[in-house]
Amino acid sequence: VLESAPPPSIPLSQCPAGIPVLLPPRPLQNPALHPPSSAADLSRSRSLLDAFHSSNKDRMKEFTQALLRNRFPALEAHMEHWPHIVLFLLNAWIPSCFSQTTAPARSSPTPTQRAIDGPETLKFRLSGFPRKHNEGRIEVFYKGEWGTICDDDFSLANAHVLCRQLGFVSATGWAHSAKYGKGSGKIWLDNVQCSGSERSVSVCKSRGWGNSDCTHDEDAGVICKDERLPGFVDSNIIEVQVDENRVEEVRLRPVLLTAHKRMPITEGVVEVRNKDGWAQICDHGWTPKNSRVVCGMMGFPHEKKVNKNVYKLLRKRSAEPKAPVKATRQEPKAKASAKTSSKAKVGKSSAAERLYSERQKNHFLVHSVACLGTEVHLAACPLEFNYGNATESCSGGMPAVVSCVPGPLYTHSQSMRKKLKTPLTVRLKGGAKHGEGRVEVLKGSEWGTICDDRWNLVSASVVCREMGFGSAKEALTGARMGQGLGPIHMNEVQCSGQERSLWSCRYKNITAEDCKHSEDSSVRCNVPYMGFEKTVRISGGRTRYEGRVEVLQTEANGTLRWGLVCGESWGTPEAMVICRQLGLGYANHGLQVRLSGGRSVYEGRVEVRVGQRWGSVCSEGWGTTEAMETWYWDGSNTTEMVMSGVKCTGEEMALSQCQHHKNVQCQKAAARFSAGVICSETASDLVLNAPLVQQTSYIEDRPLHMLYCAAEEDCLSQSATKANWPYGHRRLLRFSSQIHNIGRADFRPKAGRHSWVWHACHGHYHSMDIFTHYDLMTSNGTKVAEGHKASFCLEDTECDEGVSKRYECANFGEQGITVGCWDLYRHDIDCQWIDITDVNPGNYILQVVINPNYEVAESDFTNNAMKCNCKYDGHRIWVHNCHIGET
């Protein structure tokens with residue numbers, strides 16, 4: 001009743017003396033939906049309520065009776081309930097008197113659309129300059145438009161909520177009065193009041209979406225704590241900021257038959273999405289700069305000149321009326337002859353006969369385009385749109401046609417692939433797909449990263465084109481593709497967009513105080529569409545990120561069928577390719593699970609392959625949930641193996657590019673032995689501290705009687721079995737290993753704790769068979785001594801500032817390495833060595849490889865190996881020039 005009824009209108013003559021008039025001057029609103037706009041207003045409302053409670057009861061009764069007679073005569077008979085009615089009315093009305101100073105725009109008030117526009121419909125970003133990756137003007141994407149938040153009533157609690165939505169753990173401060181520059185467009189929120197615990201700013205109190213009396217001089221900013229929420233993906237992304245309401249999507253429609261059959265499509269008519277269809281662009285005034293922008297959006301680094309005469313001829317022929325064909329009776333011979341004649345004409349005709357039919361009427365949405373060539377989206381160029389009769393608006397012209405030059409990864413020509421070599425001074429690391437990653441540049445002989453100050457789409461596009469991709473889709477800050485190693489070579493990079501190399505752009509050299517690796521720049525480039533995701537699928541999993549691998553095969557007769565992949569030799573590199581092909585991020589596991597010992601194929605002992613071994617699963621804690629999670633159910637009725645012997649490097653774009661048997665050879669061809677994967681949006685990345693290895697290396701002659709446990713765990717060379725135990729000694733090259741996780745997910749053992757192996761001699765668990773390989777090699781790569789380290793205890797020894805430890809081995813605790821932490825294996829513990837007893841004096845290479853069997857997925861395996869130069873004279877050893885993989 002209160003929400004729907006108009007406000008009561010009581011003449012002043014009927015108002016009891018001494019009772020203040022507190023009736024709202026506008027339609028009533030529920031105070032639960034429109035609370036007081038400030039703490040002061042709320043306090044004032046409460047004071048007035050208290051005044052009424054303490055007023056003379058007779059006067060309140062008179063007031064209530066007058067009100068009921070005037071507006072609610074049906075309730076007059078229930079005067080005995082007047083105290084309850086008064087309290088209800090006052091609690092509903094009084095707060096609403098002060099909740100808003102202007103009338104609402106809509107007739108039925110709602111909260112900050114909390115029920116309609118939940119957190120999943122909102123996007124947030126940090127903008128402005130100057131700023132670091134974890135601070136800036138806060139902007140909200142709501143109803144298809146980016147806007148700002150006013151600083152009225154802003155607080156640290158608001159900043160906490162917003163920082164969490166940006167992927168940070170909390171806020172350290174906030175800024176007012178457009179400290180990071182004035183925004184543009186809508187001011188979406190004003191008078192925001194959060195408690196700090198809300199999961200989204202949309203559930204905080206405010207004046208409502210788009211209801212503000214602020215200007216952009218009052219735009220609020222936040223400063224977030226530089227610590228990421230585990231597994232958070234969307235954040236610190238600089239996207240193209242253009243009005244895409246008119247040009248949202250662009251495509252190349254192939255017209256030539258040859259262009260249509262091969263992927264990627266490099267040439268065609270430029271079309272833009274228009275309502276439910278596609279429209280063309282008139283080629284009047286079309287320039288190579290326009291083509292460059294379109295090619296960049298399609299994933300190509302360069303454009304080339306189009307042979308327009310072919311398209312003009314096609315247009316001319318498609319406009320010619322077709323002669324009617326008379327139905328005549330022919331003899332079989334005549335029919336065959338006519339067919340032959342027709343084929344001959346096709347073979348001799350001009351190139352236009354090889355074209356797809358283009359008889360539909362062109363619809364020109366855009367009349368002219370004037371790009372500079374540096375834009376990352378066609379919508380960022382000045383556009384002139386057609387209105388009215390659009391079909392007649394390109395007089396004497398034709399649809400704009402573009403031809404692009406693909407990068408080396410996507411070209412069809414082998415000779416062109418050799419000519420278009422990948423640059424040697426810039427690379428992308430840590431990305432899940434081709435065309436994305438942390439930007440690293442080579443200076444002198446050392447790879448380094450780029451600080452994210454002033455990092456933007458224009459500079460990112462120079463990197464993308466240099467790498468053989470298109471323009472940048474996203475420029476990412478704050479080490480969103482993991483932290484790099486070594487020096488930071490560039491800061492405040494400013495490109496014009498025309499440069500061929502990033503080194504041609506303006507930049508500043510930096511000192512250690514200017515930037516940290518937590519501010520490394522990354523990119524996501526536009527890449528050509530290849531359609532690889534249509535030829536593979538995963539099914540039977542709990543989510544779309546996991547399941548059994550199925551591939552689409554073409555039969556000899558041209559029919560298509562789905563089949564399984566043999567699980568033999570299946571591992572993480574193969575799983576990496578599947579996850580990349582489907583756009584599902586990194587490979588978490590390449591699974592091989594089997595049932596054995598059962599009465600039928602549907603039951604048995606659960607066995608999981610870890611490394612090169614099959615093992616069973618401890619039954620402690622085993623139940624129905626675990627059984628459901630272990631087995632990938634057959635959701636597609638696909639039972640036949642169609643691919644086997646798959647061997648990938650992990651860099652391929654599709655499984656079809658990996659080596660595999662020509663004919664299927666799978667010893668266990670039942671469906672339950674097929675390959676499976678688990679994909680993940682994030683992954684860990686382990687790196688060894690190379691300088692520490694160099695600083696802590698030394699030789700120890702250790703007595704045999706102190707090496708029984710080490711011998712039991714295979715940490716000595718083969719000749720130790722022939723030694724005269726317990727007499728004599730072994731010569732050991734010792735060093736410390738400090739292993740950092742610089743990725744975006746915790747490093748966890750593949751096997752769960754119930755399948756860890758207990759080693760009684762040392763009194764600890766091994767969670768991985770082999771965690772590191774230690775090798776001493778000659779200059780030509782021949783091993784002269786080796787060692788290995790089982791991960792008896794993966795834990796957080798120390799962490800970066802602001803990062804908390806999560807894993808420790810004590811009391812059978814969980815094992816792993818948290819992002820931003822490191823695990824230290826000191827030089828004085830067992831097996832932290834190479835047995836060099838049988839090694840002759842000379843010059844050697846010391847190599848340490850982490851996670852050598854790829855048992856646990858990482859975002860970058862190329863930085864898992866460390867090499868050092870060694871000189872051994874038979875008594876002492878010098879270790880120098882220790883460096884990581886490709887650095």
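Here, residue 1 is simply the first one shown, and the rest follow in order.
Cβ coordinates are placed from backbone N, Cα and C, and glycine is handled just like the others.
TrEMBL entries are annotated by machine, without manual review.
According to TrEMBL, the feature compositional bias 'Low complexity' maps to 335-352. If you look up TrEMBL, you'll see CYS150-CYS214, CYS163-CYS224, CYS194-CYS204, CYS371-CYS381, CYS451-CYS515, CYS464-CYS525, CYS495-CYS505, CYS648-CYS658 marked as disulfide bond. The domain 'SRCR' annotation in TrEMBL covers 124-225, 255-405, 426-526, 536-680. Annotated region 'Disordered' per TrEMBL: 318-352, in sequence order.
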Exercise. From the disulfide-bonded residues CYS163, CYS381, CYS451, CYS525, pick the residue whose C-alpha lies nearest to the C-alpha of CYS648 (disulfide bond).
Key: CYS525
Quiz item: What mean pLDDT score does the domain 'SRCR' (536-680) have in the model?
Solution: 76
Quiz item: So among the disulfide-bonded residues CYS371, CYS495, CYS525, CYS648, who's got the most Cβ atoms within 10 Å?
Solution: CYS525
Exercise. State which of the following disulfide-bonded residues has the fewest other Cβ atoms within 10 Å around its Cβ: CYS214, CYS451.
Key: CYS214
Exercise. Go ahead and report the DSSP secondary structure tallies for the domain 'SRCR' (124-225): helix first, then strand, then coil.
Key: 16 helix, 35 strand, 51 coil
Quiz item: Which has the fewest other CB atoms in a 10 Å radius around its CB: CYS150, CYS204, CYS381, CYS505, CYS515, the listed disulfide-bonded residues?
Solution: CYS505
Self-check item: Cβ packing number for CYS194 (disulfide bond), 10 Å threshold
Solution: 21
Quiz prompt | Nearest recorded site to CYS658 (disulfide bond) by CA-CA distance, among disulfide-bonded residues CYS163, CYS194, CYS505 | solution = CYS505
Quiz prompt | Cα-nearest neighbour of CYS381 (disulfide bond) within the listed disulfide-bonded residues, CYS150, CYS194, CYS204, CYS495, CYS515 | solution = CYS495
Practice problem: Work through the disulfide-bonded residues one by one (CYS224, CYS464, CYS658) and point out the residue whose CB has the fewest other CB atoms within 10 angstroms. | Solution: CYS658
Quiz item: Looking at Cβ-Cβ distances, which residues of the chain lie under 8 angstroms from CYS163 (disulfide bond) while being 6 or more apart from it?
Solution: VAL169, SER170, ALA171, VAL222, CYS224, LYS225
Exercise. For the domain 'SRCR' (426-526), give the DSSP counts of helix residues, strand residues and coil residues.
Key: 16 helix, 38 strand, 47 coil
Quiz item: Going by C-alpha positions, which of the disulfide-bonded residues (CYS204, CYS495, CYS515) is nearest CYS214 (disulfide bond)?
Solution: CYS204
Practice problem: Would you mind reading off the Cα separation of CYS505 (disulfide bond) from CYS464 (disulfide bond), to the nearest angstrom? | Solution: 14
Quiz prompt | Integer Cα-Cα distance in angstrom, CYS150 (disulfide bond) to CYS371 (disulfide bond) | solution = 35
Exercise. Going by Cα-Cα distance, pick out whichever of the disulfide-bonded residues CYS194, CYS451, CYS515 is nearest to CYS495 (disulfide bond).
Key: CYS451
Quiz item: How many Å lie between the Cα of CYS515 (disulfide bond) and the Cα of CYS371 (disulfide bond)?
Solution: 35
